[in-house]
Amino acid sequence: MKIHEYQGKELLRQFNVPVPNGIPAFSVDEAVKAAEKLGGPVWVVKAQIHAGGRGKGGGVKLARSMDEVKKYASEILGMQLKTHQTGPEGQKVNRLLIEDGADIKKEYYFSIVTDRGTQKNVIMASSEGGMDIEEVAESHPEKIIKVFVDPMVGLTDADCDIVAKGIGVPEASIPMARDVFKNLYKTYWDTDASLVEINPLILEGNGKIKALDAKFNFDPNALFRHPEIVAYRDIDEEDAAEIEASKFDLAYISLDGNIGCLVNGAGLAMATMDTIKLFGGEPANFLDVGGGATAEKVTEAFKIMLKNKSVEAILVNIFGGIMRCDVIADGVVTACKAVNLTVPLVVRMKGTNEELGKKILADSGLPIISADSMAEAATKVVAAVAKNK
């Protein structure tokens, strides 16, 4: 789960991480009142969406007068902000953060993420913070330092000093940097975050360290013990299809292709998408119906897939272990009739009650294309899309 920058900064304040004074605003009038309350003389008007790259996309503006605050708030609120993380359609800006300007002497990058490979938390930091960190990571990976933190030990002073010296924090500011790093790690640990990213973390002219941005991801499996974080959830920032799928215990992620996928098991779902790509197609979604699929769940899965107007064909790929093929077949037939399916449908089934499942599909009278292997299924669904062009 993601939250907005201003919400992340509320969390950081609770953990004694220095951040600029700021006030969220949901209208132009609120933005002006927020600026008046902060006092100025310089303010930053920041779009609040669940995506990075806002500055490059025109979603962050420096205002030096109330007129400019009003002007930029009017321009940004309601805009469809496009960044490298939003996709070509962008995201609508429904809220702003009005913040005091900062005396920036140096920008750093700092983040904490979970590293499953080492089963540790890893701090990644760089002396090259700011809007171009992605380019830095790609072209100069040596400028990104990593410090692995054993969760049984926690972040030590030695770890903090390695990070601070590695990114070039001045000697006089290292004690404060050490405190900030420790408090950031405590924020990450105590909130069950899977990512805390501060970009930029700044050195001010007075030598103080401050978090100028705040990006959080939280482990959804731990949200049950963090109602205060769940309260930050902004449904408007989430994919409507993914929200609908979660109501039926379906694991669904929207993609940019035109071939809908309905599969049981996350591993098989990913392999199915890879195979579609291998044979020249583009998957429109990841969809795992799990091991307890019913006719209702399959029907809802079809409805969710077909709400995406880009879907030109559907591939159902089922391995009958816990899930019986005849149950899925019944669900597919019911779903096709319920949604009045008009796009080509390819079904591949293997496993428990496979023959019975195939018979149910064959006897349905529906124009279902059958396949015996994953390669054959992918070939047929790609061909079906091409035929309908």
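Each residue, glycine too, has its Cβ placed from N, Cα and C.
Here is what Swiss-Prot records for this protein:
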- 9-244: domain 'ATP-grasp' (DOMAIN)
- Lys46, Gly53, Arg54, Gly55, Glu99, Ala102, Glu107: ATP binding site (BINDING)
- Asn199, Asp213: Mg(2+) binding site (BINDING)
- Asn264, Gly321, Ile322, Met323: substrate binding site (BINDING)
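Feature annotations (Swiss-Prot) mapped to structure.
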residue : record                 : Cβ neighbours (10 Å)
Lys46   : ATP binding site       : 26
Gly53   : ATP binding site       : 17
Gly55   : ATP binding site       : 16
Ala102  : ATP binding site       : 16
Glu107  : ATP binding site       : 18
Asn199  : Mg(2+) binding site    : 21
Asp213  : Mg(2+) binding site    : 24
Gly321  : substrate binding site : 12
Ile322  : substrate binding site : 13
Met323  : substrate binding site : 22
Item to complete: Quick one: give me the count of other CB atoms within 10 A of the CB of Arg54 (ATP binding site).
Response: 23
Response to the item:
The binding-site residues listed are Asn199, Asp213, Asn264, Met323; by CA-CA distance, the one closest to Lys46 (ATP binding site) is Asp213
Worksheet item: Could you give the Cα-Cα distance between Gly321 (substrate binding site) and Glu99 (ATP binding site), in whole Å?
Response: 55
Discussion item. Considering every residue in the domain 'ATP-grasp' (9-244), what is the mean pLDDT value?
Written reply: 94
Item to complete: Could you list the residues of the same chain, at least six apart in sequence, whose Cβ is under 8 A from the Cβ of Glu99 (ATP binding site)?
Response: Pro20, Asn21, Gly22, Ile23, Leu38, Trp43, Val44, Lys46
Worksheet item: Among all the protein chains here, how many other CB atoms are within 10 A of the CB of Asn264 (substrate binding site)?
Response: 23
Fill in: Asn264 (substrate binding site) versus binding-site residues Gly53, Glu107, Asn199 - nearest by Cα
Gly53
Worksheet item: In the same chain, outside Asn264, Gly321, Ile322, Met323, whose C-beta lies within 8 angstroms of the Cβ mean position for the substrate site?
Response: Gly265, Gly291, Ile318, Phe319, Gly320, Arg324, Gly351, Thr352
Worksheet entry | Among the substrate-binding set Asn264, Gly321, Ile322, Met323, as the record gives it, the longest Cα-Cα distance in Å | 10
Fill in: Shortest C-alpha distance to Ala102 (ATP binding site) - which of the binding-site residues Asn199, Asp213, Ile322, Met323
Asp213
Worksheet item: How long is the line from the C-alpha of Gly55 (ATP binding site) to the C-alpha of Asn199 (Mg(2+) binding site), rounded to the nearest angstrom?
Response: 11
Response to the item:
Keeping only the binding-site residues of Arg54, Glu107, Ile322, Met323 whose C-alpha lies within 10 A of that of Asn199 (Mg(2+) binding site) yields Glu107
